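Feature annotations, reproduced from TrEMBL:
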REGION    1-35  region 'Disordered'
COMPBIAS  10-20  compositional bias 'Basic and acidic residues'
DOMAIN    51-85  domain 'SAP'
REGION    134-206  region 'Disordered'
COMPBIAS  138-148  compositional bias 'Basic and acidic residues'
COMPBIAS  149-163  compositional bias 'Polar residues'
COMPBIAS  171-192  compositional bias 'Polar residues'
């Protein structure tokens, strides 16, 4: 027959001792309560000698209650319980850590309350801004609608502008045949020159089309431009613009010692006076007649001189 293990024999022995005897139940219960109090104080210590006062059966029961292995010698059981006590004490919060946790919880709660208040305030401000935006949008729409209602239709505005411009043209410029003749210019010339046709708007049931209105505007503008560009000829000298024949009459200047810069400038000014050139045209024409080192000098330094007088003085000084 198999021999019972240490735990099984201990359990059987415990069951035998816990069986109440007749007339001794109250006495054994009081003894058990006192024994339990002593054992609990023994099992919470870390001192090996103090825990050695407990019996092996008590050690086994304590280990079984803690869910630990309960087999082995008594010294091993005591060491096992002490190691478990050390682990439990390390995991139990101290008074300072409890206070720190409580303070942390209070701070966290206060922070949450502050965030909640800020959130409510921001929501209120956002709602106010949305209301202001809606009011501004509505007001702008109403203003645009009123402006659109008060404004005249585009066709009517163009028609009125066209009619006003048409009436501003002198009456004698519009011929019954649809052609116009410019007014007399007192110069005896171009008396029979034809001008652009006067603007006429054909109507259909009194409403001209947009194309007809635009065509009338274009014709009216062309007519006015033609009339304003014509005028009596003045008795002032007619300016002769530079041509290939006129500019070619100026000798080429290459800046060599065989040529005199002063004499060449004098020739240029004489031809410019006969042709009634402006100073800027004189400068451009003279520069086009440069060659060799003179042309190189002009390319390098002409930007430094803004007028004909400055340019010719610099040229004479450079190639004297």
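Glycine is treated like the rest: Cβ placed from N, Cα and C.
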Across the compositional bias 'Basic and acidic residues' (138-148), DSSP labelling yields 11 helix, 0 strand, 0 coil
The mean pLDDT across the domain 'SAP' (51-85) is 91
Reduced to three DSSP states, the domain 'SAP' (51-85) has 24 helix, 0 strand, 11 coil
